[in-house]
Amino acid sequence: MILHLHLVRHGQTYFNRYNRLQGWSNSPLTESGVADAVKAGERLKGLTFAAAYCSDTTRAQQTAEKILDINEAAGNPRPALVTDMHFREQFYGYYEGLDMAMAWYAAGAPHGVKTYNQIVEKFGLGASRDFLKEADPFHDAESDEEYWTRVEGAFRLIADNPNLKDGDDVLQISHGNTLLSLGHRFGGPDLDLNERPANGS
């Protein structure tokens, strides 16, 4: 069975504005973030979604509901929104809510690099997760293996939906680092890992 999965990053949040690691933290959409969701909804209103999924975070749910509102107003049937923790962003553990530059310096410095981009360029995207877990004094941050085990569980939820059929359109509201990670894993070597997808894209 082939499904058309429409992945959309949530709208801008306050933590996005302040350049803080967000992960599992619950920061709501800004006014700009609501506008991001509206723009995404307008782009997608010509589609009929057979199912809709997002993480159980406020930002993802707000974005999904806004898109589905616009989709329904355009005359499409509204699917029930399924929220699940498996769709969450990477968990940053001790570094949740911390300034990004400070967090990635803590992760990279023991390995001779100072920024997220330098970690990825020298060691790879998976290493960014493993290094942050190493630096976390509680080691609560997700390792690369822990992250992918959880995310793969999210896509199994979609694949196991008995109501979906070949060719269906499915909406899934996702997160910046998760979209980057999926693109890296499935999109080939030419993907620029230094730039996350824009909010609402």
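Each Cβ is built from the backbone N, Cα and C atoms, and glycine gets one as well.
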- Item | Residue in R59, R150, R156 which TrEMBL records at the substrate site where R9, H10, G11, Q12, T13, Y14, F15, N16, E89, Q90, F91, Y92 also bind | R59
- Note on the structure: In all the protein chains shown, the tally of other Cβ atoms within 10 Å of the Cβ of T13 (substrate binding site) is 25
- Task: Using only the Cα atoms of R9, H10, G11, Q12, T13, Y14, F15, N16, R59, E89, Q90, F91, Y92, which the record gives as binding substrate, return the largest interatomic distance in Å, rounded to a whole number.
- Result: 20
- Note on the structure: By a three-class reduction of DSSP, R59 (substrate binding site) is assigned helix
